[in-house]
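K.L.:
Could you have a look at this structure, given as C-alpha cells, before my questions?
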Amino acid sequence: MSNQIYSARYSGVDVYEFIHSTGSIMKRKKDDWVNATHILKAANFAKAKRTRILEKEVLKETHEKVQGGFGKYQGTWVPLNIAKQLAEKFSVYDQLKPLFDFTQTDGSASPPPAPKHHHASKVDRKKAIRSASTSAIMETKRNNKKAEENQFQSSKILGNPTAAPRKRGRPVGSTRGSRRKLGVNLQRSQSDMGFPRPAIPNSSISTTQLPSIRSTMGPQSPTLGILEEERHDSRQQQPQQNNSAQFKEIDLEDGLSSDVEPSQQLQQVFNQNTGFVPQQQSSLIQTQQTESMATSVSSSPSLPTSPGDFADSNPFEERFPGGGTSPIISMIPRYPVTSRPQTSDINDKVNKYLSKLVDYFISNEMKSNKSLPQVLLHPPPHSAPYIDAPIDPELHTAFHWACSMGNLPIAEALYEAGTSIRSTNSQGQTPLMRSSLFHNSYTRRTFPRIFQLLHETVFDIDSQSQTVIHHIVKRKSTTPSAVYYLDVVLSKIKDFSPQYRIELLLNTQDKNGDTALHIASKNGDVVFFNTLVKMGALTTISNKEGLTANEIMNQQYEQMMIQNGTNQHVNSSNTDLNIHVNTNNIETKNDVNSMVIMSPVSPSDYITYPSQIATNISRNIPNVVNSMKQMASIYNDLHEQHDNEIKSLQKTLKSISKTKIQVSLKTLEVLKESSKDENGEAQTNDDFEILSRLQEQNTKKLRKRLIRYKRLIKQKLEYRQTVLLNKLIEDETQATTNNTVEKDNNTLERLELAQELTMLQLQRKNKLSSLVKKFEDNAKIHKYRRIIREGTEMNIEEVDSSLDVILQTLIANNNKNKGAEQIITISNANSHA
C-alpha cells in the first residue's frame, strides 16, 4: 500500500498524500497532523454530517482549521493520535493505516510526487475558444469567398455583366451592439422615463410586427429576417449614402445567414419604411408618395377610420396629426399607401368584429345594460395590430370606446386579444384619459379594474402634454365621478410607483405651462387644490404667463369676494339664482348662463402666501378652532362628572345624618333604661344633663366631619381646575412659540394684565366657595323632606322622586275639600229656608 503514498506541496506546506477511492488523504510532513475532513470523506459521510461530527467530536479537541489557499489542503487538521481514534470510530482505520504508519527515515528516498491534476484556467479556456472561433471564421470566409466567385461567374454566364459580387452583412456603422442598444430604447415607453418628455424620433419606433412587410414579401422571401432586424440600424444611416452602400463582413454570431441581396422593389419599400432615401431615388419616391396619398381613400381596407366605412383609410401623416408620446403609433404601419398589403383573412375578420362592436356601442342594448353578446367577448385570434385600427373620425380605437363606456368585459377581451393600451386618438389621448372624461366607469364601478389594466400609461401625456391628472382636475370636484377617479388614481399609483415619480406626474406642465394645480386654481376648486398639494404638487411652479398656482388662487379669491359682495345686493331681486350647499363649499348656479361660483368656507381656505409655512399656518386655523371645541367638550364632560360626584357625596352625607339620628335615639333609650331607680322612677335631671352632653359631643363630631368633607370637596374642585388651567397655559405657550409674536415691552400693559389676572383668580375662589356653600346649605330642604316623610310614611330617599305625585294628590284633595264645603254650605242654606 506504500505505493499509494505520494509527496506534494499545497499552499507552501509539504504533505504526504494518500490516494483513496473517495479522494486524497493528507498528512503533514513537519508534525504528522492529518486532515480530519479527509478521514470523514473516506467514511462516506455527506457534507452536513461531516460538519456535525466535526463540531461535536473534533473541534473540542486539539485542532487547526485551515481556510483559504489550495482547495484540497483546506479542512480541520488534528494530531495523529486523534486522527487514528477518529478513523477507528468510523471503521476506516484499516484503509488509512498505510498513511498513519508511514514514516520517512533520514537518508531514505522521498515518496514520488503526486500525479498532476490538470485544472484548465480561464486564460486557457479563452485562448482555446478564441483559436476555435478564429479558425471557424477563417474557414467561413474562405467558403463565402468561393461562393461569391461562383455566383459572380454564374451571373456572367446568364448575361448580367453588371452584377456585382454580393456580400453578406449590414451597412457600415451598424453593429450588433448598436442594434441591441436601440432595442432596449425602443421597449421603453413614456411611462418608464422621467420628465421632461424625451425626444424620441418617429423613425426610431419599432415596426417589426407590421403586416405590410410580411404580406408583401411572403414566406418564400429569404431576406425577411434581415430586413426586420436591420430596419432599426438602417435608420441611423445618412441620406447621402448611395443605394449600393459599402458593406462589411458580418459577425457569424448574429444569426443572419442569408446571402441573397434584397430586390430593387423590396429595397425601395425598405428605404421608405426606414427613412433611408438615396439621392438618386429621393425625387422618385416623393412623386410616388404624392400619387399614393391622392388615391389613399380607397387603397386599403385594413385601416378603417369610421364606423360607417371600414374600408376608408388615410396616410399615416394625415391620420395622426397630433399624436402624443404613447407608442401606439409603432403598432400602425408606417408606409405609404402604395406599399400597403392587400386585404387578408384576418383583416376581414377583424373588420367584421369591429363593425359589430361599433353597432353595439351605439345601440340601445348598450344604454339599457342588457346582456352582452358573446361574440363580442371573443375577438379574432392574432388580431393585433389590426384590432387597434381607428373606428371613428377622431381616430378612437375600439379599446378607447370600451374604456370610455366603462364596459369592463369588452375592455378585458380586447386586452387579452393584444390590443395596445397606449393607442392614441387624434388628440394623443390614451384609453385611460378617455375613461376619466366620462362618468360611465363611475356608475359601473369599473374604473379600479380599468386602471389596473392601464396603470402603465398613467404617466403618458397627450398632444397638449397633459396627463390623466390634468383631464380629471378639469372636470372639477363638483363632479362625483371626477373625485372618485382622482381618489382611485392617487391611491393606486402608490402601489407601483415611488413618491418622486408621483410628484413628477403631479407637477407635469402642459404646452401652456399649466400643471394640474394651475387648472384647479383657475377653476377655484379648493377640494382638488388641497388634495394635490397634500400629494406633493408644488404651488410655486410658474406657467407661461408667469403665474403660480398660489397667485391664481388668490386672484380667484379676490374676485369671489367682490362677486359675493355684489350678489348680496342683487340676490333679493334675482329669482333665477339657485344655491346648493355642499359640505365643503357653496356652489352658486345661475340659470341664465350656467355660471358656477365657488365660495370658500373661510378666507383661510383660499388665502395663500409666498411662504409655504405661512400658508400652512393660515390653513391650520380651522384645526385650532376644532381643537378648542374639543377642549370645551372635554371640560363640559368633566363638569358633568363633578356634578355626579357631588350628588353622590350628598347622598353619603344624608345617609350619615340618618345613621347619626338613629344612633342618638338608640343612645337615649339606653340611657333612659339605665337611669331608672329601683322603684322605676326616672331621674329626669340626670337624664337631661347626659342627653345635653351627648348632643354636644355628637354636634362637635359632626361639625368636624362637615369641615373635613368641605375641605375635601374644595380640594378636588381646585385640583381639577388647576389641571385644566395648566393645560390651557401649556397650549397657549406652544402656540406663542410656534407663531412668531413680537415682544411687547409695555410695562403698564403688563401691570394691567397682571391686575386683571389677579381679579380673575379672586373671582374663581369666590365662585368656588359659593359652590361649596350651595352644597352645604341643605338644612331647610332636609327638614321639608322629614315633614313629607312624617305625613306620608315614605322613606326620605323616595321623597325627591315622588314630589310631583304628592303635589298632584294635595291639589286634588284640596279641590275635593272645597267642593264638600260648598255642598255643606248649600245644604245648610236650604235647611234654614
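The backbone N, Cα and C atoms fix where each Cβ goes, glycine too.
Residues or ranges marked as compositional bias 'Basic residues' in Swiss-Prot: 115-129. Look at Swiss-Prot and you will find 139-149 tagged as compositional bias 'Basic and acidic residues'. Marked as compositional bias 'Polar residues' by Swiss-Prot: 201-223. If you look up Swiss-Prot, you'll see 280-307 marked as compositional bias 'Low complexity'. Look at Swiss-Prot and you will find 5-111 tagged as domain 'HTH APSES-type'. Annotation comment: Swiss-Prot describes Ser110, Ser326, Ser330, Ser827 as phosphoserine, evidence class a large-scale study or a structure entry. Swiss-Prot lists Thr325 with the feature phosphothreonine, giving a large-scale study or a structure entry as the kind of evidence. Residues or ranges marked as region 'Disordered' by Swiss-Prot: 104-223, 280-329. Annotated repeat 'ANK 1' per Swiss-Prot: 394-423, in sequence order. According to Swiss-Prot, the repeat 'ANK 2' annotation covers 512-541.
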K.L.:
Take the repeat 'ANK 1' (394-423) and find every residue of the same chain, 6 or more past its ends, with a Cβ under 8 Å from one of its Cβ atoms.
P.N.:
189, 305, 319-320, 326-328, 331, 354, 357-358, 361, 366, 372, 376-381, 383-385, 387-388, 429-432, 434-435, 437-438, 440-444, 446-447, 449-450, 453-454, 456-457, 460
K.L.:
Tally of helix, strand and coil residues over the repeat 'ANK 2' (512-541) according to DSSP?
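P.N.:
Reading the DSSP string over the repeat 'ANK 2' (512-541) gives 17 helix, 0 strand, 13 coil.
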K.L.:
Count up the helix, strand and coil residues in the repeat 'ANK 1' (394-423) according to DSSP, in that order.
P.N.:
17 helix, 0 strand, 13 coil
K.L.:
Count the other Cβ atoms sitting within 10 Å of the Cβ of Ser110 (phosphoserine), across every protein chain shown.
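P.N.:
Other Cβ atoms within 10 Å of Ser110 (phosphoserine): 11.
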K.L.:
Secondary structure at Ser110 (phosphoserine) (DSSP, helix/strand/coil)?
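P.N.:
Reduced to three states, the DSSP call for Ser110 (phosphoserine) is coil.
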